[in-house]
């Protein structure tokens, strides 16, 4: 609502409402005052919009007419909305065949010209304000019914409606209890726009002589009266026309601004805190990826990633684990320069092969990441365009970033598809993504990363949607690809068993910070942080004792805005002491290749 | 409940192909298989949500708990109203009893789903299903959308309910380790058919079908200390 157009719309609507309330009492007498001497005058100081054939002041009449015009528009909208909601929800309540009949009738009516429908109804219902209001109401109904039906259908397909059906709740109750409350908001927003439409529609009806009849008058009627003189005294017609346009515009602008603000969640405003100064420390010359003190902040002081440092060597796979909201995905995205707006990456540096990625100019950074970063997401369709052939999408990498010709690029794409063990790569390259199985698509995405020479591979839950048998193959492929290209791989997962079986090292994150970093083979027996231990114990594996209850972690992880001074895990930790809640434990060496942030670590 | 020769077709595609399966009183039958194997479609057929051919003996009184607890509760209804949906004449005492069954405090009844965590929502969905006193509870991947830290608690709850109420259950998951932990029997589905069915121990330790052996071998395991 804070946009200029939204504010303008709200101001116009407010003005119209005030006019409707105060107009008739203030200017009512003047609007009715008959003065034959002043009949049919043009613009003058006494009559800024001129006078009509009985010498009545047109400006006063325009201001007074606001009440009737708005009232009729509101009535017509109410009629349209009522018919629309009933027609729109009937298909969900009626037996299937009748429901279909109703919805195809609505479809036919939507295709029928609205003004024709309005005129037809008005003629049948009788000339005058009542006929016009009914006509416009009926003309608005089909579109509103269609909107209601579409919204209702999306709710009717939801799990909670399925649950209600299974519980034996009747169709009518489902509509009343589940469907209507969940579609009310967009419908009500749409009403505002509809009032604008019916205002214009009613003015049109009155202008055609089908609406308000003398001695009553609304804007449309005034326009009708003034139109005959438009070549002599244009203002007598333009005055009422201006009001129709202004009111219609106001309601439309406000409706659209309301609808926009309802769909977009607001971003809290406020200055992002300054990033902490990078800590001095010698870079590891062996490391492919080195991240120091990485911080991601969002406006309003929300910091989902706090001072994360990571090192990944050539051919090494490092697992990033933690609950959702721990900042593990965002950490990886920050490394790859993919933090969504309005997030800000601070701290650093992020060194890829010794080059500070974030210090590079935008074009060079894009080129560096375009050829040396490979991303594998949970949903391979997020990386593949469903409308393009698989081979073409791979080839694009080579033509854009490596300047290859189209034939060379296609050759390489086929070669890479074969390399990730997709059978008949030449045929598969000519297929579209939907013709490939889930596992094959994920292979194609990995092959896309192999079009260049990947230095960094970021895999975000790449096997979560896949079956165990396919998962095993994808994990094997990731391991091979990492080793042969000597790339650094960041593997993000919530599945401890997958991480434990694939990775060399594991980095455990909690509430935006690294709480433990240890070799993967020490996860089961050597984890020192109580959170890591609890995570491992809460996952059933194939050797879990079925007679014992599983471990679970009570409470919940604090949100990125709720992190306090002490250890973020203290509240859920059985070992926590006063010291834990007061001061945050630093991440410290804990034996070979093992770091932990816990005062009570054993 | 006994499922006999159940088949579900979507056009020319056969999602569930002549499945015969028994869920005995008070037992949890785990259903595993890859995505597209037809296990969720079988669950929906058993719950009366998709049309099928074949026969289901004792098929009334089925309730289902869904995978995504963020989509299975009406955001405009309080927890109490959702839980009361399956009751004939709901009283606050009934709602409190149902919330108690899933270890939730009675004060939660006046809250809305958006104020609850994923694990709590899934408990509410279970409480709602229990309100209808089901003879069979179908659980379709109920832990796969949850964080690991609360998965264990929900699985413990499922086992507790079986012990406490003698509930029969069809427990569907693609995660063999989860199914092994909660189920008394395991049925393995592939391409719409049940290829193996037996007591959990037998299926896990001495799998008869090569596909079951393949599945078991592919389960990721934490490196042994």
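Using the three backbone atoms N, Cα and C, a Cβ is placed for every residue, glycine included.
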Candidate ranges A:40-61, A:106-127 [criterion: TrEMBL lists as transmembrane segment]: A:106-127
Candidate ranges A:7-27, A:133-153 [criterion: TrEMBL lists as transmembrane segment]: A:7-27
Candidate ranges A:155-179, A:230-254 [criterion: TrEMBL lists as transmembrane segment]: A:230-254
Contact ranking winner - A:7-27, A:106-127, A:187-210 against the transmembrane segment (A:230-254), Cβ under 8 Å: A:7-27
Non-local residues, at least 6 beyond the ends, that sit with Cβ under 8 Å of the transmembrane segment (A:7-27): 1, 60, 63-67, 70-71, 246-247, 249-257
